[in-house]
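Asker: So TrEMBL lists the following for this protein:
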type	residues	note
TRANSMEM	52-73	transmembrane segment
TRANSMEM	85-103	transmembrane segment
TRANSMEM	123-144	transmembrane segment
TRANSMEM	150-170	transmembrane segment
TRANSMEM	221-242	transmembrane segment
TRANSMEM	254-278	transmembrane segment
TRANSMEM	290-308	transmembrane segment
TRANSMEM	320-339	transmembrane segment
TRANSMEM	345-364	transmembrane segment
Amino acid sequence: MALYEYVTQEQLAGFDKYKYSAVDTNPLSVYIMHPFWNFLVKFLPTWLAPNLITFTGFMFLVLNFLMLAFFDFDFTASSAGHEHVPSWVWVAAGLFNFLAYTLDGVDGKQARRTNSSTPLGELFDHGLDSWACVFFVATVYSIFGRGESGVSVAILYYILWVVLFSFILSHWEKYNTGILFLPWGYDISQVTISLVYLVTAVVGVETWYQPAVWSFLYRDLFIFMIVGECSLVSPSLFGHLFRAHRSNTLKHSSLYEALLPFLSPVLLFLLSTAWVVFSPSNILDLQPRIYYLMVGTAFANVTCKLIVCQMSNTRCQPLNWMLLPMTAVVLLAVTGVLSNETTLLYLWTAAVILAHIHYGISVVQQLSGHFNIFAFSLKKPSRD
C-alpha cells in the first residue's frame, strides 16, 4: 500500500501502454562505454535487481557530496591559505563518481538480461538522475572553490541552473515527441570529472591556481566545459522538435500545452533567485551548500512529476504544489519578517527533502503494487 497515491488511475493506465524509446548517438557512449558496460553486466548475479543497482550508483554520488561537505562545507578548502581536502578524498571521489556512472549504465542492461524491464525501472532511474544533478555539481565545485582563483557562489548558482535546465529539456523533448534523445554532454562530463578528481589527488588543488592557456584560469575552462556541454542539448533538441512538427508527430499541437512543463521550473528559478538577490543577510554567501541542495531537490521533484506525465502520456500539471509554501518562505526571508535566514533555510530545505523522499517512496510503492513486483528484488510478490 502506497503512503499516498500521487499517480492517478489515468496515469497508471498510461504506464501500462508505455514503451521505452531513446536515441544515443554519442561516440563515447556508443563505441566505448556501452561495450564496457555489456562486458561488466555479465559478471553481475542474475538475482540482482536493476533498481538496486540504480540506487547504489545514486548513493555513491550522495556519499561524494557528504564526504566533501565534511572536508569543505563552505567551499573554501581549495583556496590559498586554507587547509586543503586530503588527497585520498579526491581519489575516493573519482572512484565513486565513475562507479556511479558505470552503475547508471549497467542497470538497464541488467534489466534486459534478467527480463525484468518495467516502466518503474526507467522512472526510478531518471528520477534519481534528476536529483543527482545537484550532488554532482556541488561536489565538483570543491575542486576550485570560491577563492580568488575559484568560482563565486553566485556564478556556481547559475551554473547549477544551466545543468538543471539542460536535464529537464531532454525530458520536455520526450514529453512532446515520445523519444528521449540522450545528450552528449552527460557521458563526456562524467568521464572528464572522474579523471579531474584523480588528477587533483596527484597534483594538488594548487595546480588549478595557475593559468591554463594564456590568461585563462582552469576555473574558466571549468565554466566553459559545463556550460558548453549543457548547451549541446539545445541545437539538437530544437532540431528534433522541428522535424517532429514537420512530420505531424508532435504529441501536443498547442504551443501552450507544449510549453506547460516549463511553468513550474521557471517559477522555481524566479523564486530561488529572488531570495538570492534580495536576501538581507546574503544567504547564498552564508550557506551556499544548503541553498544548492534545496534548489536541486525542489527541482528534482518538479522534474519527476514531468517524467511521470511524459511516460504515462498524460497532461502535465501547470504548478507544483511545493511552489506555494516556497513563495511564503521567500517572502518571510526577503521582507525580514524572520531575521534568522539561516534557520529558515535549514528548516525549508529539510521540508523539501522530506517531501521529495515521501513522494518518491509513494510513487515507487504505488507502481510496484500496480505491476505486482518488488522494487528491489526480482522475486514476485504473492497476490494473497
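Cβ coordinates come from backbone N, Cα and C, glycine included.
Keep in mind the model is a prediction, meaning the values are calculated, not measured.
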Asker: Would the transmembrane segment (320-339) and the transmembrane segment (52-73) count as touching if the test is at least 3 Cβ pairs under 8 Å, pairs 6 or more apart?
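Answerer: They are not in contact.
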Asker: Would you kindly list the residues that approach the transmembrane segment (150-170) from elsewhere in its chain, counting only those six or more residues past its ends and only Cβ-Cβ distances under 8 Å?
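Answerer: Sequence-remote neighbours of the transmembrane segment (150-170) are 75, 78-79, 129-130, 133-134, 136-138, 141, 144, 180-183, 185, 219, 222-223, 226-227, 230-231, 233-234, 237, 261, 265, 269, 276, 284-285, 288, 291-292, 295-296, 299, 302-303, 306.
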Asker: Counting only pairs 6 or more apart in sequence, are there at least 3 Cβ pairs under 8 Å between the transmembrane segment (52-73) and the transmembrane segment (123-144)?
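Answerer: As far as Cβ distances go (cut-off 8 Å, pairs 6 or more apart), the transmembrane segment (52-73) and the transmembrane segment (123-144) touch.
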Asker: Within the same chain, where does the transmembrane segment (123-144) have neighbours whose Cβ lies under 8 angstroms from its own Cβ atoms, ignoring anything closer than 6 residues to its ends? I mean 6 or more beyond.
Answerer: 51, 54-55, 58, 61-62, 64-65, 68, 71-72, 75, 77-78, 85, 93, 97, 100, 104, 107-108, 150-151, 156, 159-160, 163-164, 167-168, 171, 193, 196-197, 200, 205, 208, 218-219, 222, 226, 289, 292-293, 295-297, 299-300, 303-304, 307-308, 311, 356, 360, 363-364, 367, 375
Asker: Give residue numbers and ranges for long-range contacts of the transmembrane segment (85-103): same chain, 6 or more residues beyond its ends, CB-CB under 8 A.
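Answerer: 36-37, 40, 53-54, 56-58, 60-61, 63-64, 67-68, 71-72, 77-78, 132, 136, 139, 142, 190-191, 193-198, 200-202, 204-205.
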